[in-house]
Amino acid sequence: MTSQDSVDWQDVLPVDERQRIRDLISDATSADGVAPVGDQVLRELGQQRTRHLVALQDGALRGYLNLAPAGDGAPPMAELVVHPDARRRGIGSAMIRTALSVGGPDTRIWAHGDLEPARATAAALGLSAVRELLQMRRSLADLPTAPPVDGVRFATYAGPQDDAEVLRVNNAAFSWHPEQGGWTEADIAERRDEQWFDPDGFFLAFDEDSGRLLGFHWTKVHSATLGEVYVVGVDTAAQGRGLGGALTLIGLHHLADRLLSSGHDADVMLYVEADNTAAVKTYRRLGFEVVNTDVAYAVEG
């Protein structure tokens with residue numbers, strides 16, 4: 001970078017700057033074939049829960065980094081994007097160094113797709129991979145039949161009255177997870193307000209006798225040709241009954257009914273921790289294959 005460039009923190013992003021950042025993310029996605037940041041970063045653009053680092057060259061936006069603070073045992077996490085026309089100029093390295101100086105050495109720097117430029121930057125900065133998140137996909141055609149589960153009643157999300165049970169199951173099932181664990185009603189409400197939210201694609205499994213929630217599968221539609229297994233959570237007390245597989249297939253059939261009805265092909269994707277070998281094995285049995293890997297880098301040692 002040169003003396004004409006700047007990398008500065010902003011507490012609040014003006015509306016027009018948020019749009020420029022979205023355009024930057026879109027340009028990088030088109031160039032790389034993979035989005036440089038996750039959906040949560042897009043939700044944070046209008047919030048003050050995270051810190052916003054903006055890189056300018058000659059007054060033009062060329063880079064953006066979002067730094068989420070540590071919380072509930074999770075380290076600080078950063079996601080960044082550099083415009084395709086402004087790479088190999090040290091912008092990414094400068095933003096990462098700035099983020100590490102604020103977040104500390106435990107900060108995780110995410111590289112979505114783990115592309116070669118990201119690996120090279122990480123190596124140059126002395127960062128090593130500490131976490132891998134797999135993206136898996138399969139066609140929505142020719143799905144296996146969802147197996148029955150004795151003593152379970154399946155339903156779809158009825159509204160905020162279901163939130164307390166969803167939170168109980170989610171936070172028990174994902175107590176170990178840096179992003180999915182520790183959810184509050186605000187986390188569900190925020191996603192309920194998203195354009196993609198569809199209560200008919202949010203499946204709940206209740207114990208027929210007690211009425212307690214045993215598990216859930218929240219699906220998401222990205223486009224006319226792509227759906228997602230957004231979250232599958234099973235109460236720790238209900239695991240081992242095949243409920244996760246049944247819920248997954250119920251959601252997959254819902255996505256197939258919705259996306260294949262127009263006669264074109266459609267796929268479904270999901271994200272899973274690379275070291276969650278049981279889940280990866282289950283998804284492989286259901287026909288999913290790894291298509292991409294997101295990697296979190298951190299300071300060595």
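Cβ coordinates are placed from backbone N, Cα and C, and glycine is handled just like the others.
The feature domain 'N-acetyltransferase 1' is assigned by Swiss-Prot to 7-150, with sequence analysis given as support. Residues annotated as acetyl-CoA 1 binding site in Swiss-Prot: Leu80, Val81, Val82, Arg88, Arg89, Gly90, Ile91, Gly92, Ser93. Look at Swiss-Prot and you will find 152-301 tagged as domain 'N-acetyltransferase 2'. Under the heading acetyl-CoA 2 binding site, Swiss-Prot lists Val232, Gly233, Val234, Asn276, Thr277, Ala278, Ala279, Val280, Lys281.
Shown on the structure are the features that Swiss-Prot records.
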residue	record	DSSP (3 states)
Leu80	acetyl-CoA 1 binding site	strand
Arg89	acetyl-CoA 1 binding site	coil
Val232	acetyl-CoA 2 binding site	strand
Thr277	acetyl-CoA 2 binding site	helix
Taking only the binding-site residues Leu80, Val82, Arg89, which one has a CA atom nearest to the CA atom of Ala279 (acetyl-CoA 2 binding site)? Leu80
These are the binding-site residues: Arg89, Lys281. Which one scores highest on other Cβ atoms within 10 Å? Arg89
Relative to the Cα of Val234 (acetyl-CoA 2 binding site), which of the binding-site residues Leu80, Val82, Arg89, Ile91, Ser93 has the closest Cα? Leu80
Taking only the Cα atoms, work out how far Ser93 (acetyl-CoA 1 binding site) lies from Val232 (acetyl-CoA 2 binding site), in Å, as a whole number. 36
Can you check which residue among the binding-site residues Ser93, Thr277 has the largest number of Cβ atoms within 10 Å of its own? Ser93
Of the binding-site residues listed as Val232, Thr277, Lys281, the one whose CA lies nearest the CA of Arg89 (acetyl-CoA 1 binding site): Thr277
Other same-chain residues whose Cβ falls within 8 Å of the Cβ centroid of Leu80, Val81, Val82, Arg88, Arg89, Gly90, Ile91, Gly92, Ser93, the recorded acetyl-CoA 1 site, in sequence order: Ala55, Arg62, Gly63, Ala86, Arg87, Ala94, Met95, Thr121
Pick out which of the binding-site residues Leu80, Ala279 has the most other Cβ atoms within 10 Å of its own Cβ. Leu80
Any same-chain residues 6+ apart from Val82 (acetyl-CoA 1 binding site) with CB under 8 Å of its CB? Would you list them in sequence order, or say none? Ala28, Ala55, Arg62, Gly63, Ile91, Gly92, Met95
For Val232 (acetyl-CoA 2 binding site), the nonlocal same-chain Cβ neighbours (under 8 Å, six or more residues apart) come out as Gly215, Phe216, His217, Trp218, Gly244, Leu247, Thr248, Gly251
What are the helix, strand and coil residue counts for the domain 'N-acetyltransferase 2' (152-301) according to DSSP? 54 helix, 49 strand, 47 coil
Could you give the Cα-Cα distance between Lys281 (acetyl-CoA 2 binding site) and Leu80 (acetyl-CoA 1 binding site), in whole Å? 31
